Amino acid sequence: MHSVFRIGDIRKLDKKSPLYEVDLKLTSDDDQQLRQLTDRIREEVNGTGWYRMGHLLLKIGQFDKAEELYMALLEQAPNDSDKAHIYHMLGMMKYGKGQYTEAASFYEMSLEIYRRTLPEDHPSLANTYNNIGGVYYNMGDHSKAVEFYEKTIKIKEKALSPDDPDLALSYNNIGLVYKNMGDYSKALKFYEKALKIREKALPSNHPDLAASYNNIGLVYDTMGDYSKALEFHEKALKIKEKSLSPNHPSLATSYNNIASVYDNMGDHSKALEFYEKAHKIFEKALSPNHPSLATSYSNIGGVYNNMGDYSKALEFYEKDLEITKNALPSNHPSLATSYNNIGMAYSGKGDYLKALSFLEKALVIFQKSLPPNHPNIKAVTSSIDNVKKKM
């Protein structure tokens with residue numbers, strides 16, 4: 001094994017300097033946690049030669065380098081099978097960059113080639129169905145996402161053992177869709193299935209285990225069980241701090257989630273502290289028009305809104321809206337959330353005409369993209385009624 005260090009403490013040298021002092025501890029060859037983690041990563045990075053290099057680049061978030069490599073491989077692809085694989089990996093790359101329309105295009109090109117020779121329920125199609133489901137989810141089409149995730153699960157439950165981590169991934173994905181559809185009991189059911197598999201199959205510091213803790217924490221937060229939510233989010237953060245670099249976007253996601261719980265508990269200063277930690281990472285790690293950066297602006301705006309500082313809230317909500325309008329389809333629920341947030345901030349300021357305009361835009365999108373009994377539709381309808389009473 002090459003030299004690998006554990007990161008201890010990270011300290012800024014002084015307020016004016018951009019330099020940091022980092023305490024490193026050299027690991028030993030008999031470090032069992034590190035060996036388990038690296039063995040698992042080797043298993044997860046598939047392929048040989050340049051194909052394996054491309055997969056590794058995707059795993060570590062080097063999307064531009066992966067794109068350059070895969071486009072070069074595509075020009076030299078000797079057969080349709082290789083082309084289908086490369087299109088699939090290009091879809092993964094675009095998905096990682098938040099470019100969902102382009103991701104869907106590459107995945108569909110891959111699927112078209114595979115369908116020429118394989119039946120609909122062939123095991124080789126499971127990952128493509130799964131990834132197409134992910135694209136539809138991020139584009140706000142939850143029913144389509146469930147359709148493709150169910151195809152994936154049907155194949156995997158026949159082809160894999162009940163404790164296979166790949167099956168856990170599919171349970172996790174469909175759980176996420178149900179959470180965003182407002183069906184929290186179904187979401188929790190699938191998240192717990194995924195966690196049960198991962199706790200058996202993965203080392204205790206594996207990032208996928210952190211993802212399961214994180215997702216269960218999100219459901220408990222939404223259900224109002226904040227102590228349970230913090231318990232699971234802190235488990236996720238503990239793993240990520242050990243296994244990821246200090247500027248990894250996944251670490252920022254945990255900071256975001258912990259901030260959300262504190263905000264819901266009414267501890268706004270603590271919430272702002274964690275949201276700002278997350279935002280600094282997103283600014284360094286993501287492109288300026290990435291949807292996750294928009295969400296980060298929205299989260300900070302939400303804290304200021306809850307503190308009654310509506311002008312400051314609008315400043316961040318408008319930054320969120322600018323990115324969201326450019327990055328996502330016009331009927332995406334996240335765009336409706338942006339309009340809703342701006343409407344509520346204007347309502348707080350007493351500008352009810354502007355508030356009504358933005359809230360009605362939000363309602364139109366929610367009604368198109370969500371089930372009729374979704375809590376978001378009920379909430380924005382109630383807000384519109386309240387604003388009309390004040391006008």
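Cβ atoms are placed via backbone N, Cα and C, with glycine included.
Going by TrEMBL, these are the annotated features:
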type: REPEAT; residues: 47-80; note: repeat 'TPR'
type: REPEAT; residues: 84-117; note: repeat 'TPR'
type: REPEAT; residues: 126-159; note: repeat 'TPR'
type: REPEAT; residues: 168-201; note: repeat 'TPR'
type: REPEAT; residues: 210-243; note: repeat 'TPR'
type: REPEAT; residues: 252-285; note: repeat 'TPR'
type: REPEAT; residues: 294-327; note: repeat 'TPR'
type: REPEAT; residues: 336-369; note: repeat 'TPR'
Stretch with greatest number of CB pairs under 8 Å, the repeat 'TPR' (294-327) reference, 47-80, 84-117, 168-201, 336-369 candidates: 336-369
Surrounding residues of the repeat 'TPR' (47-80) on its own chain - C-beta under 8 Å, 6+ positions past either end: 41, 86-87, 89-90, 92-93, 96-97, 113, 116, 248-249, 285
Secondary structure content, the repeat 'TPR' (47-80) (per DSSP, counts of residues): 25 helix, 0 strand, 9 coil
